[in-house]
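Down below is the structure, laid out as structure tokens.
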């Protein structure tokens, strides 16, 4: 019995270092918010200006890797001997569900405003050219390119899961073919896992930092409760308590049902916006934007703006590539686990087509609605952001739709459920990654899950206290730097092992 407890307890070497590092950073930030903002700006400037090119080349190289998988020697290889666990329709729906987080709702509604007001390529702000390119850049940042990079890593993890029959709960487990078992299970592997966990904690904290203001702004609109930092903290605390109750009382089935409700409600809300906002304009704008994307794609791929130094690629493209990098392992593990029995080509094509369709629908519908409201002078986004913050501006893009009360209730429920499932997923992923061998069908310890959800909540509150988008962007970019190298090592390890062990 004692031995069993030891196995399912925490793994000290990957539990305490991330906890201590993140705790110290949060304490230093809260101690002096002004000084923290100075450091944040310096870190953001250094990483994006000095190393931004590396993120851009990483995405391009991974895209070529996708083509190699689809048309190369492993294209027809099957990931496991069993038939696919899910039907193709269910498989694609599960992919779509993974895209409907509150953070996605945040960016989908407001991103186009930033692209139009501070456009790339030296275009005039709010000009016709800026508007024509606005949605095209969203389709670039949330389109086939990043999903192609995820599909490569998903194939790698699916190979380790279903072909090599490895238990992978941390990235170091996949590095045995590359660095050897001694190093993968030793200090080197521990460092890799700690980099992964620290980055993942900050990524989840930033997602919570984006999601919470949407819920509190909805509460202000619906109930007249003023949006304050204290209310944000109370809401995050309520989510943590709700998550603890769900875990303690065995209500995980309820959480899964909530996740399904989130997906169906997302379809309903997007359909409503599409119909009442202007279906004809949305389809025309999308079609034109695809053409703009194809025309400007080479420039977008390698745009670093070293001469004019306008800051657009650093503030957006590098930021988003770091965002994709930081979530790559967690997301790829999930996508790999639902893809058992599929061929490499099927997984690569299914992910790129299915997930691109999901994100393109979200960004096209929400972005087009925002542009229409701006052009018709129904809402003044710059004034809303200056006076009340970004979250209020997003809420107003929904409140401006017909049947505003019903629409706002739908959006409120969607954001609330999305964040509940986010907190649950955060605590589960971190607990699984910091515990000793939790077997299939078992749950990580309750206190560990609650502890991680509290820490993620604290990070969300700290980022909200700092104010603005820059702290959130910096947290993502800083976390993406070490995972940039971890993702490359996982990729190389897969290529090396497959070459030796995945033959006809």
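Cβ coordinates come from backbone N, Cα and C, glycine included.
Note that the structure is predicted; figures quoted are calculated from it, not measured.
Marked as transmembrane segment by Swiss-Prot on the basis of sequence analysis: 10-30 (among others).
Positions annotated as transmembrane segment by Swiss-Prot, on the basis of sequence analysis: 51-71 (among others). Only residues 6 or more beyond the boundaries of the transmembrane segment (51-71), in the same chain, are considered here, and those with a CB under 8 A from a CB of the stretch are 145-146, 148-149, 151-152, 155, 301-304, 313-314, 317-318, 321-322, 324-325, 344-345, 348-349, 352, 480-481, 484, 487-488, 491.
Under the heading transmembrane segment, Swiss-Prot lists 92-112 (among others).
Positions annotated as transmembrane segment by Swiss-Prot, on the basis of sequence analysis: 143-163 (among others).
The transmembrane segment annotation in Swiss-Prot covers 195-215 (among others). If you look at the transmembrane segment (195-215), the same-chain residues 6 or more away from its ends with a CB under 8 A from one of its CBs are 14, 18, 21-22, 101-103, 105-107, 170-171, 227, 232, 235-236, 323, 326-327, 329-330, 389-391, 394-395, 412, 415-416, 418-419, 422-423, 426, 429-430, 433-434, 452, 455-460, 462-464, 472, 475-476, 478-480, 482-483, 486.
Taken from Swiss-Prot, the feature transmembrane segment covers 231-251 (among others).
If you look up Swiss-Prot, you'll see 263-283 (among others) marked as transmembrane segment. Tertiary neighbourhood of the transmembrane segment (263-283): same-chain residues 93, 96-97, 100, 361-362, 364-366, 368-369, 372, 401-402, 407, 410-411, 413-414, 417, selected by CB-CB distance under 8 Å and a gap of 6+ residues from either end.
Per Swiss-Prot, the feature transmembrane segment maps to 316-336 (among others).
Marked as transmembrane segment by Swiss-Prot on the basis of sequence analysis: 347-367 (among others).
According to Swiss-Prot, the transmembrane segment annotation covers 398-418 (among others), on the basis of sequence analysis. Long-range neighbours of the transmembrane segment (398-418) within the same chain, counting only residues 6 or more positions beyond its ends whose Cβ lies under 8 Å from a Cβ of the stretch, are 100-102, 105, 109, 211, 214-215, 218-219, 221-222, 258-259, 261-262, 265-266, 268-269, 272-273, 276-277, 369, 373, 378-379.
Note on the transmembrane segment (446-466): residues 10, 15, 19, 22-23, 26, 29-30, 33, 36-37, 40, 201-202, 204-206, 208-209, 212-213, 229, 232-233, 236-237, 239-240, 243-244, 247-248, 423, 426-428, 430-431, 434-435, 472, 475 of its chain, located 6 or more positions outside it, place their CB under 8 angstroms from a CB of the stretch. Under the heading transmembrane segment, Swiss-Prot lists 446-466 (among others), citing sequence analysis as support.
Here Swiss-Prot flags 475-495 (among others) as transmembrane segment, drawing on sequence analysis. Residues 43-44, 47-48, 51, 54-55, 58, 62, 65, 152-153, 155-157, 159-160, 171, 174-179, 192, 195-196, 198-200, 202-203, 205-206, 318-319, 321-323, 325-326, 328-329, 459, 463 of the same chain, all 6+ positions outside the transmembrane segment (475-495), place their C-beta atoms under 8 angstroms from a C-beta of that stretch.
Away from its own ends, the transmembrane segment (143-163) comes close to residues 58-59, 62-63, 65-66, 69, 74, 77, 79-80, 82, 173-174, 293, 301, 320-321, 324, 328-329, 331-333, 335-337, 339-342, 344, 347-348, 351-352, 355-356, 359-360, 487, 490-491, 493-494, 497-498, 501-502 of its chain (Cβ-Cβ under 8 Å, at least six residues beyond either end). Nonlocal intrachain contacts for the transmembrane segment (231-251), taken as residues 6+ away from its ends with a CB within less than 8 angstroms of a stretch CB, comprise 208, 212-213, 215-216, 219, 225, 419-420, 423-424, 427, 443, 446, 449-450, 453-454, 457, 460-461, 464. Under 8 Å from some Cβ of the transmembrane segment (347-367) lie the Cβ atoms of residues 66, 69-70, 79, 88, 91-92, 95-96, 99-100, 104-105, 108-109, 111-112, 134-135, 138-139, 142-144, 147-148, 150-152, 154-155, 158, 270, 273-274, 277, 282, 285-286, 289, 335, 339, 397, all in the same chain and six or more residues away from its ends.
Panel annotation: around the transmembrane segment (92-112), residues 86, 134-135, 138, 141, 206-207, 210-211, 214-215, 259-260, 262-263, 266, 331, 334-335, 338, 350-351, 354-355, 357-359, 362-363, 365-367, 369-371, 381, 390-391, 393-394, 397-398, 411, 414-415, 418-419, 422 of the same chain, lying at least six beyond its termini, place a Cβ under 8 Å from a Cβ of the stretch.
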